[in-house]
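Down below is the structure, laid out as structure tokens.
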Amino acid sequence: MREIVHLQTGQCGNQIGAAFWQTISGEHGVDGAGYYNGSLDIQLERMNVYFNEAAEKKYVPRAVLVDLEPGTMDSVRAGPFGQLFRPDNFVFVQSGAGNTWAKGHYTEGSELVDQVIDVVRREAERCDCLQGFQIIHSLGGGTGAGMGTLLISKIREEFPDRMMATFSSVVPSPKVSDTVVEPYNATLSNHQLVENSDETFCIDNEALYDICMRTLKLSEPSYGDLNHLVSAVMSGVTTCLRFPGQLNSDLRKLAVNMVPFPRLHFFMVGFAPLTSRGAYSFRVVTVPELTQKMYDPKNMMCLLDFRNGRYLTASAIFRGKVSMKEVEDQMRNVQNKNHTYFVEWIPNNVQTALCSIPPRGLKMSSTFVENSTAIQELFKRVGDQFTAMFRRKAFLHWYTGEGMDEMEFTEAESNMNDLVSEYQQYQDASISEGEDEYFDYAWAM
């Protein structure tokens, strides 16, 4: 089997990770103690991708949980699926990173990183044919951002030919910000992700808040509500990896379909229909409605309008009892209507996959992954906040005090600016110039 080792770091990573495991355990018929009580063969067919079968037919997640303080670990352990995880795979200390990227990456985090890599190595040895890693972290704090990116670079060194997918809560949002230095942390992290990640699924806290308040009509959304949305999207994105199917059935195939140039691997993700925690969708949803919602900014987990950019590639995963013909017809219709928003120099740049198992509580759903040049807005937003503070060297002493150099900040800033320019360049590219570069890259692969 093609296994995936999952890591979750920091408070945000561990809370979203716990919600993710609860969601996919339910879909595979695994209870809180790790025993299978489902009724469908399809649930077991690719169970080994995320779960390791231990003694007495108990299924244990291939998960490593990391934090620099014990609080979140304790709450994951005490949660409904806390007994699911291997106790040795909880790796934490008491120090904390104090929301400082430098502490997570260079001082506190670097003291713990070897211990984490040992656990990762043990998990990798339990795999028959490891396809890669996925890591969940936020980019605004200290542990998820600083130590998360350190782990990614260490895993890259140790397993250079395996895939690396990250689910990153990318954008610091004023609505949910709990620290002033988030723009620094996010920019320094993105600098690392551009080089070391193969595919990054971008999640924007502000978009999650808007969905909770406008679409789900929750007056005071909690982190639990936000995590529910993220776990629904993650479950959708990983559907092709966990259930039998042809399209994007492993991380490498997903990257080949979605990443036209190595640095442009930041994806926008969305989900339909959106429902709040514990609420089931009583309304009948149709395929035309799901395809329509794919191109609705209100269903995206990034606060961006795709109409400000162009799609390089896109992928849609439909779940439930849906007709392949109806899906393909609807996808073609929507594409024809919106053809100006797709670059014309990548032919057949929209892929569709079907899975017969719907998410819990829904008859039908669609998840969409889009590599759009509109994502540059997100980097610009963080870059502007970064520049405003860095120009005055505000809060810099918290980073230089941990041994960082100002040069690193300058490099991270220019790397982010380069990324924005690259997205803009391919947005403006015409069919002749774009095609040449695309085919050069395809041959190189």
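Just so you know, glycine gets a Cβ as well, placed from its N, Cα and C.
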Going by the GTP site in Swiss-Prot, where Q11, E69, S138, G142, T143, G144, N227 are listed, which of the candidates N37, N196, N205, N257 is also part of it?
N205
Within 10 Å of the Cβ of T143 (GTP binding site), how many other Cβ atoms are there?
35
Among G142, G144 [binding-site residues], residue with fewest other Cβ within 10 Å:
G142
Any idea which of the binding-site residues S138, N205 has the thinnest Cβ neighbourhood at 10 Å?
N205
For N205 (GTP binding site), what is the secondary structure by DSSP, using just helix, strand and coil?
helix
